[in-house]
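These come from TrEMBL:
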| type | residues | note |
| --- | --- | --- |
| SIGNAL | 1-28 | signal peptide |
| DOMAIN | 37-151 | domain 'Plastocyanin-like' |
| DOMAIN | 166-312 | domain 'Plastocyanin-like' |
| DOMAIN | 412-545 | domain 'Plastocyanin-like' |
Amino acid sequence: MAMHCGWHPASLLLTICIVGLLSFSAEAAVKKYQFDIQVKNVSRLCHAKPIVTVNGMFPGPTIYAREGDRVLVNVTNYAQYNMSIHWHGLKQFRNGWADGPAYITQCPIKTGQSYTHDFNVTGQRGTLWWHAHILWLRATVYGAIVIMPKEGTPFPFPQPYSEANIILGEWWNTDVETIVNQANKLGLPPQMSDAHTINGKPGPLFPCSEKHTFALEVESGKTYLLRIINAALDDELFFAIAGHNMTVVEIDAVYTKPFTTQALLIAPGQTTNVLVKADQPPSRYFMAARPFMDVPIPIDNKTVTAILQYKGIPNTVLPILPQLPAPNNTQFALSYNTKLKSLNTPQFPANVPLQINRHLFYTIGLGQNPCPTCQNGTQLTASLNNITFVMPKIGLLQAHYFNIKGVFSTNFPDRPPVPFNYTGAPLTANLGTSLGTRLSKLAFNSTVELVLQDTNLLTVESHPFHLHGFNFFIVGSGAGNFDPAKDPAKFNLVDPPERNTVGVPTGGWTAIRFRADNPGVWFMHCHLELHTMWGLKMAFVVENGKSTEESILPPPKDLPPARYCNARN
């Protein structure tokens, strides 16, 4: 917007100019943040250890912005590890350079180096989050992103009296990177976490944790907005508040048709906003979370707690525990997810693609590949369409933009090489996978339907899948094998939930749709860190459109150069 304001004897014109400039600056505010990656000693569960933090905080600082703002986050790395930060759920239109996943859109930020993530918040409002996107460093490097609606635009639900972030995480008593490296040498999964946390604190049901308990003070009769984020590495979680109902109003920064529930389910990478009314007898009530796991895989199934405390109630009052669903309550999980629907109003439409250009079918599998140095002579692995993704030596977006040959191919298959009974009896033979850095190319503005199918290779399991650069609509989901003849007739094409991370049900399938209108290279991966490490990931190359406005922006001058990449991370 150009506005030329010179001196004019008519004070009216001057007033108009000032108002115009003020409204312009309000529309396009610039929010600046400094993120110093620092190692700090932290104590939890009677154990002290050095952890990687942002600005010495655990969890890290909250990014606050309004829809339409420009955000500049300068990340300076003072830790011994290579670092990258991902702004989870921000679409980064034409601007993959700010997305952050190491070796996908950029090389990592080396020790002693800085990089400024410069991005616009366009057409999004609500709760998202940021986290490290390299190694397992997001175990401690994460925080909330709160995007307020444009000035003067109300929420499409009653205005809360106050709000709070509830970030669910995981804690290991020993160094996470050491645990992971040891497990990789053995070809086995690393040991599970020692506790879950709420805002970095495990709560009073754990030893040495009375002082490590998050408490939220509320006033009787007031309504509060809780911005709930699952930053755990490997666990889907149930969450509930003793005695209080929650009204779900938003998921992954998209407004939903409100519905009331006593508990919610949230997968790693997902966010959920709920309204809670302080309408119970004044007392202290536990907020609690524990994992959902409906197959016999070992998990850290202890309950993490925080406290909802009515004003004026002394700390000596013992809190009440909520009734959480049983850890294997598949029925609750399916029922909860079917209640999630887009608001789909004229102001917040659900623009579901109805005509589809590309139909993709990806099987999700666990496997075993030979490993002479590993404990059993094999190492556990994971794959999409039987391909275990191999991380490149330089950023894929850099290779694509600068046309660097030999970094990746674009022959990722649209469907599995060999069809089989995906969710039948467990398959324990022929578990080898193909290795490769294979991407799938999408034409600009094409419409895509992707069916993600869980398989019973070794075992069935639920998988939260995150797509960078886009939201998508979850048009269908079901148990067993996807039936292309019958299942599409049951798709919800009117008001399906819109998200950036979707849980593929155990031994079932999920169908998503999106429009490939964001040119660049965009990562898609399981948000269980264990499975991502084992290769359960791929990326899409979305081609440029016809005009400059439909093409990738040039890279910023301070983008970590290709020579900074290091294959070890």
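The backbone N, Cα and C atoms fix where each Cβ goes, glycine too.
Caution: TrEMBL annotation is automatic and unverified by curators.
For the domain 'Plastocyanin-like' (37-151), the model's average pLDDT works out to 98. Sorting the domain 'Plastocyanin-like' (37-151) by DSSP state (H, G, I as helix; E, B as strand; all else coil) yields 6 helix, 58 strand, 51 coil.
For the domain 'Plastocyanin-like' (412-545), the number of residues in each DSSP class (helix H, G, I; strand E, B; coil) is 9 helix, 59 strand, 66 coil.
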